Amino acid sequence: IRDAAELARLAVEDRADRRPGRRALVAGSIGPFGAYLCDGSEYTGTYELSPAEYRVFHVERVRALAEAGVDVLAVETMPRLDEARALVGLIAAETDRPAWVCFQVRRDGGPVVLADGTPLVEATRWAQEEDTVAAVGVNCVAPALVAPALETLASGTGKPLVCYPNSGEAWDARSRRWRPARTPVDWARLVPGWLASGARLIGGCCRTRPADIARIAAALR
């Protein structure tokens, strides 16, 4: 983890002279306990640890990333609010770094909720009150979910919003394979709407490729 963060920091420094006045930030990724289980739990949130157990699980990664000099900690794909609470508390106690927090969400015909069923609006209100949380958003979701999620987020916080969805393919936990998207994602159509909804960090998550990121960047110009 330290080596990866240090390499990213060196890459930023190496390219600094090509973009004077615009230094890129290095974000250190911290995913959920559910991903460690390797059973798709990051998409369901069907696990529960105590705050102390969450801290024990995450503390080594938090320390390693902070010691390596990352600018911000990227708390990603959080399917449960209790884990996000514990992790942000740990970051505040162990480092002086800000964090962004992105939730894994779903929508079953009603309001947008976290993977475990917690209303996204509840998670948004929590993020608004946390000084360590510099931005809040969603990631590892279908592109079609981003707009309603941003609408919910914007209703509960004035902080910058973040979104980096998947490619449009769907993960099949039973067969452990990605199911192809029916149609390619039209980034040029979607991205301007996300920007207008308050997103200030926009990117791609699972199965997005350099060509997708290039299209996202082009839509932001």
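The backbone N, Cα and C atoms fix where each Cβ goes, and this holds for glycine too.
TrEMBL: automatically predicted annotations, no manual curation.
Among the candidates C102, C140, the residue that TrEMBL annotates alongside C205, C206 as binding Zn(2+) is C140.
Compared over the binding-site residues C140, C205, C206, the count of CB atoms lying within 10 A of a residue's CB peaks at C140. Taking the mean position of the Cβ atoms of C140, C205, C206 as the Zn(2+) site, the remaining same-chain residues with a Cβ inside 8 Å of that point are T77, N139, V141, Y164, P165, N166, G204, R207, T208.
Mean per-residue pLDDT, taken over the domain 'Hcy-binding' (1-220), amounts to 94.
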